[in-house]
Each structure stands twice: as structure tokens, then as C-alpha cells.
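Quick look at what TrEMBL annotates:
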COMPBIAS  511-533  compositional bias 'Basic and acidic residues'
DOMAIN    468-685  domain 'STAS'
REGION    510-533  region 'Disordered'
TRANSMEM  172-194  transmembrane segment
TRANSMEM  236-258  transmembrane segment
TRANSMEM  278-300  transmembrane segment
TRANSMEM  355-375  transmembrane segment
TRANSMEM  412-444  transmembrane segment
Amino acid sequence: MRVRDGYVVHREVLDESRLETVAQKGTWSTKPTVSERMKDMLRCSVSQVKNVLLTWIPILSWLPKYPFRENIISDLMSGCSVGIMHLPQGMAYALLASLRPVLGLYSSLYPVLVYCIFGTSRHISIGTFAVISIMVGSVTERLAPDSNFILNGTNGSEIVNLAARDSYRVQVACSLTVLSGIFQLLLGLVKFGFMVTYLSEPLIRGYTTASACHVCVSQLKYLFGVKPARFTGPFALVYIITATVVTYFCGLNTEYSVDVVGEIPTGFKPPRAPDTTLFSQLIGDAFAVAIVGYAINISLGKTFAIKHGYKVDSNQELVSLGLCNTIGGLFRCYAVTSSMSRSLVQESTGGKTQVAGMISSVIVLIAVLKIGSLFEDLPKAVLSTIVFVNLKGMFKQFMDLPMLWKTNKVDLLVWLVTFISTILLNLDLGLAVSIGFSMLTIIFKTQLPRYSILGNVPGTELYLDIDAYKEAKEIPGIKIFHSSATINFTNAEMYLESLQEKSGIDIGKLQTEKKKQEAKQRREQEKQKKREKDEAKKNVCILLNKNKDNQNGVVLSMPDTDSDISGKGQINWGYHSNRVTSDSDSDSYEVFTVDSNQGEGGKKSCCRSGTHSIILDVSVTSSMDTVAVKTLKNIFSDFGDVGVTIYLAGCQACVVEQMERANFFSEAVPKSCLFVSVHDAVLHIFKKLGQEDNDFDVSCVTQM
């Protein structure tokens with residue numbers, strides 16, 4: 001019922017059993033069975049074939065509906081702008097990959113056309129990218145270093161066979177690209193697009209910032225015109241920097257000729273299969289390139305999709321990017337992904353669809369076929385400058401640090417660890433370390449949840465942390481325990497320990513005291529039996545003597561005995577204090593027996609704090625493994641032994657089903673101990689104890 005500025009709810013208290021009846025819980029499954037899914041996959045019809053084609057080839061769904069008059073001008077302007085950016089960036093980023101500049105132009109052509117057909121984002125620009133280029137370059141330089149192509153020159157000098165070196169590096173780069181594309185295709189086909197969620201935004205931003213530093217260092221040799229020795233592996237960044245500084249300032253570069261782009265062949269070469277013998281050496285690098293490329297691509301794609309109100313299919317993006325790399329690798333392209341700078345230009349200049357990408361490919365095609373020779377005398381230092389300018393956005397990511405310091409220090413730690421490990425250990429090892437560290441933070445978060453005792457806000461059904469809210473008051477005799485994380489095998493023991501600490505009930509000590517009390521009672525009972533036995537013997541002797549004296553004519557007078565001695569000579573020892581002081585060394589720990597009405601099933605409560613009921617708020621628990629189920633069973637059993645009744649509140653339906661499959665419920669733990677909310681459990685306890693008219697302000701009607 002609605003009231004002004006609030007609401008009033010009238011309903012019965014619902015436990016799980018009653019909820020299933022009222023809400024008519026079904027036992028059916030809405031998910032199709034495996035056989036049904038197989039039948040759907042094998043069933044062939046015109047509509048199903050059409051759906052498959054539209055899903056796997058998205059251009060068939062949007063190109064026939066393309067609004068030519070509304071979009072063609074904006075897509076044309078956007079495509080020309082992006083195409084012009086492709087030319088210098090493609091050649092510049094090819095230098096990062098330690099490849100000839102023309103391969104950067106190839107990588108700006110073929111993959112773009114493939115993505116236009118299979119991609120789902122309307123605004124991202126596929127092609128060369130600094131981070132992926134430097135990752136490819138680290139592989140090409142490792143497997144094809146200059147030292148492997150040394151020739152003896154005139155006067156005993158040594159020269160590098162550049163033609164042989166560049167040719168082999170192309171083979172390495174293309175094989176790496178095809179293999180990374182195969183990984184992306186396979187992951188996309190098995191619907192593994194969700195894996196990118198394990199690469200958090202701080203991780204990606206820290207990684208790309210560190211990669212930008214690697215890119216800058218790799219371009220120093222072109223800016224200073226020096227040729228330092230090449231280094232790969234951990235700490236390679238430090239060795240590059242050192243060699244460049246020594247070479248430049250010591251005047252070791254005796255030749256002052258400016259290094260230029262060199263020959264750019266016109267036309268295209270036929271496709272060539274990759275060198276599969278290299279795959280065994282490239283597996284780790286290819287997987288890293290596949291993951292990083294996809295992470296960058298999907299993050300940019302989703303950003304534009306949210307801004308413009310359409311959906312990007314994460315699995316189809318994996319497939320499309322895999323096809324870009326697999327097909328591109330056959331045509332001498334190296335690994336690609338979306339570029340932030342080009343994508344922003346494509347979106348800001350009015351691009352509406354991937355028609356803009358097709359137009360940009362035409363610009364690159366013209367450059368390769370007709371005007372490529374115009375770039376042959378372009379100094380490599382100019383291309384390096386282009387690279388530096390394009391990295392401006394990545395270096396701005398250093399501004400994340402003060403923001404993360406204020407908002408989330410765990411994310412700040414992930415950012416810093418990713419950055420430092422990538423700087424020192426190179427791109428591949430740095431990525432592995434950063435992912436591993438990110439996973440550890442997730443584990444630590446589940447291992448270190450926040451545990452709290454909840455109290456009721458008077459006059460409402462709200463139950464809040466009593467340490468955080470002054471108005472939240474504990475309900476006498478009831479402890480409401482809340483965990484901020486799902487209960488699972490990693491934190492189940494901590495959950496039990498925190499429950500005992502927060503509730504003030506030490507199960508182990510109480511059980512020990514209970515055993516001592518029971519042992520003392522047994523000793524008293526044994527003494528009582530012995531007294532009764534001795535008293536019976538004494539009475540028998542007296543009767544015998546009395547009969548004997550009667551026979552002799554002597555009458556003996558018996559003294560008055562206690563009125564509690566019955567005709568059988570037994571004494572009632574049942575009256576004793578119900579306050580039992582513990583024999584333990586602790587002089588402050590006492591055990592009190594409370595009336596059995598406060599416990600479930602006639603059990604007596606032995607809590608010094610007067611707690612007779614505990615409500616476990618499990619509303620945040622989304623799943624429950626066998627360890628968690630066993631822990632809850634032990635909680636019900638152990639607390640029940642000391643007379644404290646346990647209730648569960650806020651169980652999700654999927655958790656209840658998991659508990660049923662694990663045989664959690666029994667006669668000792670019925671479903672009636674589960675309630676839909678904490679408030680329902682509290683009202684049930686009051687009703688059970690006959691305290692419906694209690695003095696504490698917890699009403700069955702909530703008015704706000």
C-alpha cells in the first residue's frame with residue numbers, strides 16, 4: 001500500500017517452505033537440455049541458415065539497410081581522414097615491429113577490409129597499433145637478430161645482410177600473426193569472449209602505459225641516428241637506454257648520413273603460407289598478442305557502443321579479429337588491433353558505419369599502388385616523431401595514479417605492479433606477472449571480507465551495520481551476522497571464526513564447559529545413587545532391628561527424620577542452584593542455564609551473553625560449494641549443542657537448490673529455518689518466544 005513519502009507492507013512471515021507454496025516455486029528447468037541443443041544445432045532450415053549467416057557475417061545485416069543519403073557524406077569524410085592517418089602510422093609502427101615500412105601499409109589494408117565484413121563495432125579503426133607492434137618487434141628481434149646475418153665485408157669489416165634479415169623477420173612476424181589469429185578464432189568459436197573481464201581497466205591502462213615507454217625507447221635510435229646493440233628479455237629497456245646514451249654522447253656514430261624509409265615496392269605480392277616450423281617457438285608470444293589485441297579492441301568497441309547506443313558482440317569480435325590476423329598474415333601483414341587515436345578520429349569526424357573503414361582502405365590502396373615511392377626518402381626520424389605524438393594519450397594515463405590513490409588503492413597497486421613488471425620484465429613476462437597479481441587481488445578480496453553485526457533501525461525493516469550507523473540497534477538476545485563476500489572453501493574457516501568473535505560465543509570453550517558441567521552432574525548423580533543405596537541399607541537394618549526388638553518385647557523410639565525422606569528411605573536431592581560456576585582458570589567466564597523456551601527443541605542456552613538466536617544474512621552469497629555447506633552444517637550443530645538457534649536469511653534460489661543437492665536439509669535443519677529476509681526471521685523469533693508485544697521497536701508494519 002502506497003502512502004505519502006513511504007510505503008506500508010502487510011504480509012505474513014515467510015520461511016523457505018512457505019515461500020515455495022505462496023510463490024509456487026516450480027521444479028522445471030528453463031534451460032534446454034544437451035540433446036535439445038544438439039538437435040537445434042543439427043536442424044537445418046532456411047530461417048536457421050539465415051540467422052547463422054547474419055550472426056557470423058554481420059555486414060549482411062547492416063549493409064542492405066545502409067541509409068545512403070544520410071550517412072555517405074559523413075562516412076566519406078571520416079574514411080578519408082582515417083586513411084590519411086593510416087599512411088604515416090602504418091609505416092611508423094612497422095619500425096616498432098622491426099619490419100620494413102611497407103608491411104605497415106599492408107597491415108592497414110587487408111585487415112581493415114576483413115573487419116568491415118565480420119566486425120560488429122561501427123566506429124573502431126582496425127590496423128597497426130603501437131603496443132601490438134612493439135610486442136611483434138620483440139619477437140622478430142629475438143628470433144632474427146642482426147648477429148645471425150653478419151657477412152664479411154671489405155677490409156675485414158662485418159656488415160649485416162639486411163635483405164636476408166628482413167625477409168626472415170617477415171616470416172617470423174607473419175607466422176606469429178597467423179598463430180595469434182588462430183588462437184582468437186578458437187576462443188571465439190567456443191564463446192570465450194568473457195575472458196577479457198579478467199583484464200581489469202587498471203591492468204590494461206598500466207600495461208599500455210608501460211608499453212608506451214618501451215615504444216619511446218625503441219625510437220630513440222632513430223631520433224639520435226645511432227645503432228646501438230639490440231637487447232631482448234628482462235631489463236632490456238635499461239640496456240637499450242644505456243647503449244643509446246653511451247653511443248650518442250661518446251661520438252661513436254662516425255657517419256652522419258640520415259636513415260630513410262627506403263624502397264617501397266608498388267603492387268601486392270601473392271599470399272604465402274606461414275612457416276609452421278616456427279609455431280613451437282611462438283606459442284607463448286602469439287597467445288599474449290591475441291589476448292592483448294582483443295582486450296584493446298573490445299574495450300574500445302564497448303566504449304563507442306555505449307556512447308552511441310548499440311551492442312558489440314564480444315565473441316564475434318574475437319572471431320573477426322582472428323580472421324583479420326589469420327587472413328592478414330597470409331598477405332604479409334603483422335598483428336593488428338584497433339587504434340585509439342584513429343578510432344577517435346573516425347568517430348569525431350562523423351563516421352557512422354564501417355563504410356568509413358572501406359574508404360580508408362581505398363586511400364591506403366592508392367598509396368601502395370601509385371604514390372608509395374613518394375615516401376622512400378622520408379627520414380625515419382620523422383616517423384619516430386609521429387610515434388611519439390601518437391603516444392601522448394597513453395602517457396596521459398599517468399594521471400590515473402592520483403585518482404586511484406583517492407578511490408581504490410587495490411586498483412592503484414594493480415596499475416603500479418603492471419607498469420613496473422612490464423617495464424622491467426618486457427612485454428610478455430610483464431603481462432603474465434600482471435595477470436597473476438590481478439588474480440591474487442581477487443583471491444585476497446574473498447579471503448578478507450568485511451564481517452559485521454547488523455542492528456535494526458527503529459520503526460523500519462532495515463538492518464544495518466551497528467559500527468557504521470548509530471541508529472542501528474542490536475535486538476536483545478539476537479545476533480544478526482553479515483558477510484560482504486560469498487562463502488566458499490577459501491574463507492569458510494574465517495567465516496566461522498568471525499561469527500564466534502562477533503557474536504561473543506566461543507563454541508569450543510562453551511562445549512568444554514558443558515562437558516565439565518555434564519561430568520559434574522554425573523558425579524553428583526553417582527553420589528546421590530550411593531547415598532540412596534546407603535540410606536536404603538540403613539533403613540533395612542533399622543527395620544530388622546525393630547522387628548527383632550519387637551520380638552523381644554522392646555520398643556525403640558526413632559528420632560524425627562527429614563520430611564523429604566519417603567517411605568522408601570529416599571531423599572530428594574533435585575533442588576539445587578541453576579547457576580553453575582565454571583571450574584576453568586578464567587574467573588570471568590560463567591555458564592548460565594536459561595529456560596528451554598529460548599532454544600530450539602527444548603535445548604537450553606549456555607551463552608554468557610544471553611544470545612539465544614543467531615541470524616546469518618547470506619543475501620550476498622551467490623553460490624555454495626561443499627565446504628561451505630559442511631561449514632553451515634557444523635554451525636547449526638555446534639551452536640545448537642549450546643542452545644543457540646541458527647537461522648538463515650536472504651538465500652537466493654540458486655543457493656537453496658545447491659543446498660538441496662548437497663543434502664543440507666534434514667530433520668535437524670529443516671527449510672523452516674530459512675527466511676526470505678532478516679526481518680522475517682526476527683519476527684519469527686519474537687513469535688516463537690511469545691514476545692510479539694516486546695518493548696523493542698521492531699514492528700510487523702513498516703512505515704517510513
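From the backbone N, Cα and C atoms, a Cβ is placed for every residue, glycine too.
TrEMBL labels come from automatic prediction, so no person has curated them.
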Recorded stretch that, among 172-194, 355-375, 412-444, has the most CB pairs under 8 Å to the transmembrane segment (278-300): 172-194
The region 'Disordered' (510-533): DSSP-derived helix, strand, coil residue counts: 24 helix, 0 strand, 0 coil
Long-range neighbours of the transmembrane segment (355-375), counting only residues six or more past its ends (CB under 8 A): 66, 71-72, 75-76, 78-80, 82-84, 86-87, 90-91, 101-102, 105-106, 108-109, 112-113, 115-116, 125-126, 261, 264-268, 346
